[in-house]
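Features reported for this protein in TrEMBL:
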BINDING   C:Met44, C:Gly192  substrate binding site
BINDING   C:Arg119, C:Ser165  ATP binding site
Amino acid sequence: MAYPYFQAVELLRQHTPLVQCLTNSVVMQFTANVLLAAGASPAMCDTPEESADFAAVANGVLINAGTPSSEQYRGMAEAIRGATAAGTPWVLDPVAVGGLKMRTDFARGVVDKRPTAIRGNASEVTALAGLGAGGRGVDATDSVDSALEAARRLASRTGGVVAVSGPEDLIVSPDRVTRLHSGDPMLQLVIGTGCSLGALTAAYLGACRGSGLSLHDAVLAAHAHMGVAGQIAADRSQGPGTFAVALIDALHGVDVEDIRTLSTIQEDLG
Amino acid sequence: MAYPYFQAVELLRQHTPLVQCLTNSVVMQFTANVLLAAGASPAMCDTPEESADFAAVANGVLINAGTPSSEQYRGMAEAIRGATAAGTPWVLDPVAVGGLKMRTDFARGVVDKRPTAIRGNASEVTALAGLGAGGRGVDATDSVDSALEAARRLASRTGGVVAVSGPEDLIVSPDRVTRLHSGDPMLQLVIGTGCSLGALTAAYLGACRGSGLSLHDAVLAAHAHMGVAGQIAADRSQGPGTFAVALIDALHGVDVEDIRTLSTIQEDLG
Amino acid sequence: MAYPYFQAVELLRQHTPLVQCLTNSVVMQFTANVLLAAGASPAMCDTPEESADFAAVANGVLINAGTPSSEQYRGMAEAIRGATAAGTPWVLDPVAVGGLKMRTDFARGVVDKRPTAIRGNASEVTALAGLGAGGRGVDATDSVDSALEAARRLASRTGGVVAVSGPEDLIVSPDRVTRLHSGDPMLQLVIGTGCSLGALTAAYLGACRGSGLSLHDAVLAAHAHMGVAGQIAADRSQGPGTFAVALIDALHGVDVEDIRTLSTIQEDLG
């Protein structure tokens, strides 16, 4: 491969993509710090009045329905409208879909708008596709493999990429399935690592446009960046507090060689 | 004692209680990380539409009125309704009650719903009982002992446990008063340590159900867990930044032996 | 000078000013921790119902329009009304003004209420004065010097102090311009360092009242405190994660001597 997924981190740092995050209050600060450390530029612009205009100038947009208010829902609809009109890539993170009717209905409606990528754990992806009951909050209670069929259906319905995050990650496009080995269990003990991975996915989609790298590779690169940073951080920490701090350092310090040597992929599992 | 308070940390880690937090935006991220590190599972579900349903499946609920919006107030009322109907234990944290009329009125109305536990500093507990003027924001300007009478009245009115947090903590039930010695002054220099102690109290109430441990011991165990983690963190830090990080590590690493040796209690002060 | 700017840190710690922050959700936690570490007392009180009353008892108020909701805008109007009536100093932080019409209109309206100080980057200050297009999100895309004329106009219009933050800082009053050399580029990689500098400015304005120190010196002292803490933190960190933690430690530990030796100023540039 002339330009494989592990080199995309250089595109990210060259382009410093502006990522508009419509996300939940719990993880806003962490998400912004993840983007800054990794090499992107965050903007937590989410009001109904400003979201469409901002989505037109952003390089990527994140729609995360973690703590939905009625005002945020209207902001999300506006951001999707603005992103779609301008051709800005955007990511849906269906947090806790399945367990709660309101956000499940909302997220399923968002799927019809054809997100460039969807990122969730196995329970959320399964529930989003209408195949399962969903998780309790943000826990993954199903294995990633159990969500393969759901991910395929969503990918074929949207024409986009669906990422199932877990101990391993599955990256699923209509014509390609990749399994990524990276990460560390400690990532589960820090709030917002999954949500900020959704934001990082939007950053990579923006950074990789026009590079010849596929959407699939961009999503894969985002997951490998976070996973490898997690592995490096685990070696430098004594618990979830020092891990979270070391993770931000590692997101900043990680380079092509780290991602090449510390992550592995398997193609065409389907 | 066959199963004293300092062993409750093992129940917490066995049960990983799901804690629904309706809390203020300032401390959401820290509260979630405290719960994850300690051994619980956080869910910041607080909308009017979702809160009652979620409270029925959660193992504990926190009601913290730190930055109240009208939408959050409705969410809180729904969560209390759902928790009460399902028998889910729930905790009231009367942040800054006394100084501000709107939240004081709200919190006093919540007392009538009979929270399983109330956790506040001396000023807040005193004001909640209608006996004093309250603090300025989250500062404790009164000593814990000054709030003993107020705590007794609230405990007798609700039938639950009232915890007064401070340099020492008082845990007050209708028939029992315990003074807990643990903690470190550095806890006052990190935002959200009090608020997340309220969430940890809800986690312990959920984890200890059916164990034979009393509600009183569950509340005591939560306070000892946080206090001892603070002592350990103080030894490993150079200021409030490194302290906050070490606190999360210590909440994760603390075991029965740490809590047994680093905290002390006095019973029946009343 | 009998009592120069670098000694103001002692006033801050003597008075522990209560700072009411009406700010965006992204940076609330970090802002509160910055204030606590530096020596102030934060209160994130921002509802329409409570904001005016609270502004009357606070020692300083921050108005930061980073993620504006309609309810927060009403809260801000109330806080400004309460602060003005009570003579409480207050700071406007015009986050992302220029790029987005709604918040630009709001912030320009706030200027007419004559804030005691304004703090922004060069793009924001320029746009607020109506002289430029503004930045993308919180990035500074203009140099601080490019904003000198805009800062002068705003200072003369409000009678207050205007601080332009960047690699160097300009502190501009109707009759005085000071250039401050302090800080570290790593401050740009942590979300909320600019926003919390606005809060720290409100803290210093409150702490310095009645001390004989001018408003100009109070604003200068806030910027030097943050800048010098950034220099100390940079020496103790390996990336933006450890930097953010070391910054909080340094904000707490910094003393008069640190600020005297690590910051330099030039007067009367105009």
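Residue 1 is the first one shown; counting continues down the chain.
Cβ atoms are placed via backbone N, Cα and C, with glycine included.
Mapped onto this structure are the features recorded in TrEMBL.
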residue: C:Met44; record: substrate binding site; Cβ neighbours (10 Å): 26
residue: C:Arg119; record: ATP binding site; Cβ neighbours (10 Å): 31
residue: C:Ser165; record: ATP binding site; Cβ neighbours (10 Å): 29
residue: C:Gly192; record: substrate binding site; Cβ neighbours (10 Å): 25
*Nearest-integer angstrom distance between the alpha carbons (Cα) of C:Gly192 (substrate binding site) and C:Ser165 (ATP binding site)*: 13
_Cα distance (Å, whole number) from C:Met44 (substrate binding site) to C:Ser165 (ATP binding site)_ = 23
*Cβ under 8 Å to chain B, applied to binding-site residues C:Met44, C:Arg119, C:Ser165, C:Gly192*: C:Met44
*Which binding-site residues among C:Met44, C:Arg119, C:Ser165, C:Gly192 have a Cβ sitting under 8 Å from any chain A Cβ?*
C:Gly192
*For C:Met44 (substrate binding site) and C:Arg119 (ATP binding site), what Cα-Cα distance in Å is obtained after rounding to a whole number?*
19
